[in-house]
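Working notes, beginning with the structure itself.
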Amino acid sequence: MADAATIAKLDEGFKKLEAATDCKSLLKKYLTKDVFEQLKAKKTKLGATLLDVIQSGVENLDSGVGVYAPDAEAYTLFSPLFDPIIEDYHKGFKQTDKHPNKDFGDVTQFVNVDPDGKFVISTRVRCGRSMEGYPFNPCLTEAQYKEMESKVSSTLSNLEGELKGTYFPLTGMTKEVQQKLIDDHFLFKEGDRFLQAANACRYWPAGRGIYHNDNKTFLVWCNEEDHLRIISMQMGGDLGQVYRRLVSAVNEIEKRVPFSHHDRLGFLTFCPTNLGTTVRASVHIKLPKLAANREKLEEVAGRYSLQVRGTRGEHTEAEGGIYDISNKRRMGLTEFQAVKEMQDGILELIKIEKEMQ
């Protein structure tokens, strides 16, 4: 049972949401009075309550989604709220659907989408993972953060070949190392207001760190938004190479670190938008002709379930006609299908851009 103080805060938060008529978040849409009453006294084994789930969305009424999972059990215990939000965000992933088993597929199917190097500036594929036996950010203790970091850094120090590299803890990081990582666009900052409000940044920078290989094409973030963000990237459009590197890294890490997995939802993450495959495959791409015809760009993107963002990711503008374009779908399909859909869409965009020239 949640304590009286928590329930009082929840009642207050619910009133605030109800009064916010211009709030468009999925939290507001699906936290009905019935659902609220059903969930407000519940508590996970690790002590998380509905307040942990909704407080970011209550504090930031301009949230798109507005909920986070404080631990793995929250997805089950608070499913009357999470399930409809997941179905809405991951279009058509119904509450009776089951996410397929992990399948990276035939990695030879992925190619260089821009062999002439005229359009794609860089390519990146990432996935998120949570370590089994640990809650997500809001419920972690400082000791757990440190324990996780030591497990992760020792696992990564065993990587060989192209993946071999160095782990840099954020704690005690020198200004020089910090600046170098910023210049390489590798350093993550303390969370934005949405993550801050979700209590995702406690004990900062304890247990946080960055690993990268010597070629700077493989990167792992430890305890940023998720326990692990595993990232493969390089300049140019060779999606095949980027994907193959990610797959071999994930398989290597998985041998040593058990990941949180849910029968129905796939791999578990802090934010419900990343569930399932957790895979985001993206390119930075120059499309000057399509940039001038945004409607056409969005139409093609929509056909292949692509998300079009500004150059520096969410909530930014396209600088010099350069877009960040990625797969939108992460649930109800395999890793292979998610990245293949993105590859097909990018090839189509390049084809149309060429025809318009």
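Cβ atoms are placed via backbone N, Cα and C, with glycine included.
Copied over from Swiss-Prot, here are the features:
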type    : residues                                  : note
BINDING : G64, V65, G66, V67, Y68, E225, C271, E314 : L-arginine binding site
BINDING : 122-126, H185, R229, 280-284, 309-314     : ATP binding site
DOMAIN  : 9-91                                      : domain 'Phosphagen kinase N-terminal'
DOMAIN  : 119-356                                   : domain 'Phosphagen kinase C-terminal'
MOD_RES : A2                                        : N-acetylalanine
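This view paints the features noted in Swiss-Prot onto the structure.
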{"residue": "G64", "record": "L-arginine binding site", "Cβ neighbours (10 Å)": "15"}
{"residue": "V65", "record": "L-arginine binding site", "Cβ neighbours (10 Å)": "18"}
{"residue": "V67", "record": "L-arginine binding site", "Cβ neighbours (10 Å)": "27"}
{"residue": "Y68", "record": "L-arginine binding site", "Cβ neighbours (10 Å)": "27"}
{"residue": "S122", "record": "ATP binding site", "Cβ neighbours (10 Å)": "17"}
{"residue": "V125", "record": "ATP binding site", "Cβ neighbours (10 Å)": "27"}
{"residue": "E225", "record": "L-arginine binding site", "Cβ neighbours (10 Å)": "22"}
{"residue": "R229", "record": "ATP binding site", "Cβ neighbours (10 Å)": "22"}
{"residue": "C271", "record": "L-arginine binding site", "Cβ neighbours (10 Å)": "20"}
{"residue": "R309", "record": "ATP binding site", "Cβ neighbours (10 Å)": "16"}
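Across the domain 'Phosphagen kinase N-terminal' (9-91), the model assigns an average pLDDT of 97. Residue environment of S282 (ATP binding site) contains 22 other Cβ atoms, counted within 10 Å of its Cβ in all protein chains.
For G66 (L-arginine binding site), other Cβ atoms within 10 Å of its Cβ number 29. The number of other Cβ atoms within 10 Å of the Cβ belonging to A2 (N-acetylalanine), over all protein chains shown, comes to 20. The distance from the Cα of G66 (L-arginine binding site) to the Cα of A2 (N-acetylalanine) comes to 21 Å. For G64 (L-arginine binding site), the nearest neighbour among the listed recorded positions (A2, V125, R309), judged by C-alpha distance, is R309. A distance of 17 Å separates the Cα atom of E225 (L-arginine binding site) from that of V125 (ATP binding site). Note on proximity: of the recorded positions A2, V67, Y68, C271, the one nearest S122 (ATP binding site) is C271, by Cα distance. DSSP assigns S122 (ATP binding site) to a strand.
Y68 (L-arginine binding site) is 23 Å away from V125 (ATP binding site) when you measure Cα to Cα.
The two recorded residues, C271 (L-arginine binding site) and S282 (ATP binding site), show a Cα separation of 19 Å. Look at V65 (L-arginine binding site): DSSP puts it in coil.
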